[in-house]
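Accompanying notes for the structure given below.
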């Protein structure tokens, strides 16, 4: 990354209204408790609409019926999305049975949605069920604290089912980092769990009274897998192992994918390497990165508030030196590491502990009973007999982890009968979409509902050109906020308007290069026509082992993005 002339450490100016809201919220309480009892509306009013995000919820409505309800002079059908805090995606079978029951009985859509933040979401929770969902989660040792808004969100960890010891150590650090960076306010416990108000003053020693300037995302990564897409995240701890044992981390800071259509001051950015640290400094360094961003992040413009913009404004070296000062350490030089892929290994994998792990492909992460494919019931039946745990992956799939040889056949039988092990193409396995319509208020174009038939068409093109055994990392996101991580794909579609997308090309398979816009505001037939030609060229002209994204760059079809803060929009 090139360095800008360092700008001011703190941006002066009028603070955004979100900063006022946080300051006046009494450490995230607002009037949420009173609002819960207001039966006149299905939603939350005023500041509470945004404050509930700190408690892991977003207020949404069903956009498929919004116009119809407006004609009937009815308010939108408000319902909440709830996102669980689940560091590293590990969930017990007892917890799974509880969330299965809640989804079936107390949500509009009846589904469990696995997300690429390695957790699950409920969609369609009516206001009367909001408090019960938090209490249900608490009863099985879960919560939804800090999974949205201006905090450190769910901490991701590579779902490595093979190196069980290394995964266990990395997962423990993901949990420790998550716990260390949680808010200290008692608001969550008071409002949702009916815990008594204590006559002490709340303090937030790490996050501060107005929390972070913007969302903040953290990962723990075990090379050579980049399944968690580290370059989409603010703070990344890359595991360095010696003889299969974790000894420390390389730290990379300042990744992020969200942009705004037409706003050239916004850009996706890959994370910058800061250096290596031994394990004992992990929490101090995590805290130092977060507090530096807390103090230096831009609170006058939320579109310029993420860590990636702070790094570009003050300079990577300045930010790094401040982290060293606050943590009381000096980073060592980056230790060697490399990535070879980021997809999940679907099917059975035997771990070095001799247990088996079954990775199930779940298209779009949507767990529901479909005609002839009762995925939700199948997973519930497995949860009832499985002695190990489940692991949600950052590719929206599910691992049945720690299966002894003696239980393999029984679990495989249920999985096959439920459609959980249906054969799919390599292309489908390596494609992903965010939720988008009908529930996401920011959606500009379809994503989850568009992807299955779109991949049917891509599969046909792959077959036509004789590359059906290959794959292209392909992602669809319904708007430029980028939850579908299209801005790290080889082929990324970013929603622009209903039925229209910007087509980005030139990312790579391992997720270390941002793709550039190739065509703007085009329809599915136009996208397929472009890809038909390009996949045909790739099939004929590629070098041995050359991925589609690397080919588009080498062949001069698209210029690579080398320094996105300066050349993404060129």
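From the backbone N, Cα and C atoms, a Cβ is placed for every residue, glycine too.
What Swiss-Prot says about this one:
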| type | residues | note |
| --- | --- | --- |
| BINDING | 434, 440, 479, 483 | [4Fe-4S] cluster binding site |
| BINDING | 483 | siroheme binding site |
_By a 10 A CB contact count over all chains shown, which of the binding-site residues listed here is most packed: 434, 440, 483?_
434
*asked:* Just to confirm: which same-chain residues, 6+ apart in sequence, have a Cβ under 8 Å from the Cβ of residue 479 ([4Fe-4S] cluster binding site)?
replied: 436, 440, 442, 443, 444, 445, 494, 495
*asked:* Beyond the listed site residues 434, 440, 479, 483, identify every same-chain residue whose Cβ lies within 8 Å of the center of their Cβ atoms for the [4Fe-4S] cluster site.
replied: 435, 436, 442, 443, 447, 477, 478, 481, 482, 484, 495
